[in-house]
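> Following this message is one structure expressed as structure tokens.
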Amino acid sequence: MKNKGKIIQILGPIVDVKFNENQLPKLLNALTIEFEKTKITLEVAQHIGNDVVRTIAMSSTEGLVRNLEVIDTEAPISVPVGKNVLSHMFNVIGENIDNQSIDPNTEKWSIHRKAPSYEEQTATSEILETGIKVIDLLVPYVKGGKIGLFGGAGVGKTVLVQELINNIAVHHGGLSVFAGVGERTREGNDLYYEMKASGVLDKTALVFGQMNEPPGARMRVALSGLTMAEYFRDELNQDVLLFIDNIFRFTQAGSEVSALLGRMPSAVGYQPTLATEMGQLQERITSTRKGSITSIQAVYVPADDLTDPAPATTFIHLDAQTVLDRNIASLGIYPAIDPLASASRMLSADIVGEEHYKIAREVQRILQKFKELQDIIAILGMDELSDEDKNIVYRARKIRNFLSQPFHVAEKFSGIKGTFVKLSDTLRSFRDILDGKYDDLDESAFLYVGTIEEAKQKHLKNYKGDHVEK
């Protein structure tokens, strides 16, 4: 016989349910309410005494009234897993939302799972080539690692995530899971049709809990997507790509739920359990002896402040931090990745090789020197610099421009054809710039090109155009 209770209080997305004595559902159990042809799922968050449980709703609670019947499913929220989920779109509780049915007998897994043990985990140092120059050169990504894309509003996080999906998913050919956490529904819709057009959708599962949904859904949707990825890793022995946009919204939803549950807020109003919740999610994203999950996570930075507790808590879990900078975006250089603030534990001579390491460090040295000279240039002008410093400034500007790149996913905005640049071409191009082989080229020729050959062609084209005009 099913364990049943009744609603006794509704406070927005928080619903209190009273059960019979000694029949309380376990913490994290899913409860269901059926009324007016709709089904609402709740998750048990607290036992508050007097046989009452406090729950978080996974969808809107509009229309609910007290004394409605609630049924304990006697299990946590479960989502479908396996090959049947590929090419489909789901919500937080695993319901198909793309109007295409999937096999009702598809296996389901609980979204709350333990992280792999130390014995099961494995370390890897295989580099993941992205085809994006600034990333491959200065912030190399590791296969099976966790990568964060940090940036404030409007600096290009989502476009960068979509380009990485295009480049890595198309070129690596494995399985991918995309979790849309608290972001714009329009972007999720665009992504679905772009994936369909590029032929990647057949190898991808999409899970969405967008910004119009209650905090419960936004807090759990990342776990739903991760569970699907874990199945591919553990049962099918696959190397999986997991894209999460945006991990900050996961934290934000947790903060909303925490306040509604009556917990005392901690620093800057965040939930006191911030580090625990982040750890429970991030520790499950790892490589095991069976397969790997490579995770690329967009992280919104409130007010461009990287010391804010939400991005700061995310930082410690990542293998590579790609920081997008508003000042670089304001120069019209995209991707607006800050080459000095971004870092990767893979940028070591033992992993990427001596040549790559030396080129990357020399590029960073020149850009750092350029940054130091900017105050002098602003006050005294270029004429007061030594010849050596002038040379550094000219090369740094070329390097800064050459770190830009036309994206495939931005073709419709920019009108410039996107490029995938091989690592060997990236290293060769930057080595030649550092050696002074292209000191005679105009710095504008380096903007939005793929390889150095394209920069030479652009320079010649500009040079001829100038002469024709004269």
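In case you wondered, yes, glycine gets a Cβ from its N, Cα and C as well.
So Swiss-Prot has the following annotated:
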| type | residues | note |
| --- | --- | --- |
| BINDING | G151, G152, A153, G154, V155, G156, K157, T158 | ATP binding site |
> In the same chain, which residues outside the set G151, G152, A153, G154, V155, G156, K157, T158 have their CB within 8 A of the centroid of the CB atoms that define the ATP site?
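Output for this site, in sequence order: Y300, L324, A329.
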> Please determine which of the binding-site residues listed here (A153, V155) has the lowest count of neighbouring CB atoms within 10 Å.
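Among the binding-site residues A153, V155, the sparsest Cβ neighbourhood within 10 Å belongs to A153.
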> What three-state class does DSSP give T158 (ATP binding site)?
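Once the DSSP labels are grouped into three classes, T158 (ATP binding site) ends up as helix.
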> Return the residues near G151 (ATP binding site), defined as same-chain residues 6+ apart in sequence whose C-beta is under 8 angstroms from its C-beta, sorted by sequence, else 'none'.
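The list for G151 (ATP binding site) reads K157, A298, V299, Y300, V301, V323, L324, D325, R326, A336, given in order along the sequence.
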> Enumerate same-chain residues with a sequence separation of six or more from G156 (ATP binding site) and a Cβ-Cβ distance below 8 A; give 'none' if the list is empty.
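Correct list: L324, A329, Y334, P335, A336.
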> Looking only at Cβ atoms, how many others are within 10 Å of the one on G154 (ATP binding site)?
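Its Cβ shell of radius 10 Å holds 11 other Cβ atoms.
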> Among the binding-site residues listed here, K157, T158, which has the most company in the form of other Cβ atoms within 10 Å of its Cβ?
K157
> Including all protein chains displayed, how many Cβ atoms other than that of G152 (ATP binding site) lie within 10 Å of its Cβ?
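Its Cβ has 17 other Cβ atoms within 10 Å.
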